[in-house]
Amino acid sequence: MREIVHIQGGQCGDQIGAKFWEVISDEHGIDPTGTYNGDSDLQLERVNVYYNEATGGRYVPRAVLMDLEPGTMDSVRAGPYGQLFRPDNFVFGQTGAGNNWAKGHYTEGAELIDSVLDVVRKEAEQCDCLQGFQVTHSLGGGTGSGMGTLLISKIREEYPDRVMMTFSVCPSPKVSDTVVEPYNATLSVHQLVENADEVMVLDNEALYDICFRTLKLTTPTYGDLNHLVCVCMSGVTSSLRFPGQLNADLRKLAVNLIPFPRLHFFMLGFAPLTSRGSQQYRALTVPELTSQCFDAKNMMCAADPRHGRYLTASCMFRGRMSTKEVDEQMLNVQNKNSSYFVEWIPNNIKSSVCDIPPKGLKMSATFVGNSTAIQEMFKRVGEQFTAMFRRKAFLHWYTGEGMDEMEFTEAESNMNDLVSEYQQYQDATAEEEGEYDEDDGGYGDEDDGMM
């Protein structure tokens, strides 16, 4: 079968990951001890995408948990599904990265990375036909960003032909957890551009807004935010795990969503999101799911798709519905909002339908979009980066771990290049395509003046 190895790193990644296994285990009818007590054969048919079957019919997640301090791991282990994981797959150091990307990437993380790779290798060897890796981490801290990107580049070397998908929590515009977030995030994006295949961009502020405005939660906790992320993660892989009329997998997703290799940063959305009180007042229909999916308020990262254009998008529906209706709706969206889609990619929405809906819903939809508006995220982080870097603020923490200022400069210009690439394709029209071909290598050059 097409297995996925799940890797979670750092506090944020571990907390999202722990929640993810609760959601997935619930879908497959696996209880916290790893025993199956579901009610349908379909739950078991492809359970081995995410689980290994151990002796005595126990199901063990294909998960690798890593952190540079034991704290979060202990709380995962003490959590509701803590006994599910294989004890050897917890890999942790004792020192912590202290929100320092250099510690995660070069010093502390580099010492621990080999033991993490051993565990990853073991998990990969137990797969029949490994499809790829999914990583949950944040870009603002030290471990998830520094060590996470180190691990991604190492896995890239060892498994160059496997899909590398990351769920990356980016720094929010208004809420900042760490002062040095812009540094850590920029250095991470620099790595993700080169080494990841698909990056799902999330950020806490957008998730808060969804919890607050749409779900009407007065005091959203991180648990609520993580639950939103996990529903999306589960939706993206649903057609691998359950039978469907129109299947999608990680590779198909990549092929349909990435027109140019560097532009692989996606937005996520999910429908139906309704507050607990008003659920029973609305009937779920394919048109309603579609319109909520494409709603800007529904995006799980702080970039407004109305400020850019979609290069490509993908909608994964779950539940009993006619594929004809899905296709009509997709066409409908493109025709009504044609100005928000680039015209030089004619059919830019991919859809897939999986027959089994998530627990407690009749039907649902997961949205993954490749929009040029995502540059807002990078622009914002880039501006904060430049402001601090110009004064060399906090730089001694990084150079003290053996980093060079040159690396910061490179990361900065790589991110600026990324922004201008998105901008270039946002402005491109079908007619003037010929103009780009001659000077295709040229558009990176004028950015280097931004230092």
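Just so it is clear, glycine is given a Cβ too, placed from its N, Cα and C backbone atoms.
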If Swiss-Prot says Gln11, Ser138, Gly142, Thr143, Gly144, Asn204, Asn226 bind GTP, which of Glu69, Glu288, Glu325 does it name for the same site? Glu69
Within 10 A of the CB of Asn204 (GTP binding site), the number of other CB atoms across every chain shown is 24
Largest inter-residue Cα distance among Gln11, Glu69, Ser138, Gly142, Thr143, Gly144, Asn204, Asn226 [record-listed GTP binders, Å]: 23
Let me make sure I understand the structure: which of the binding-site residues listed (Gln11, Thr143) has the fewest other Cβ atoms within 10 A of its Cβ? Gln11
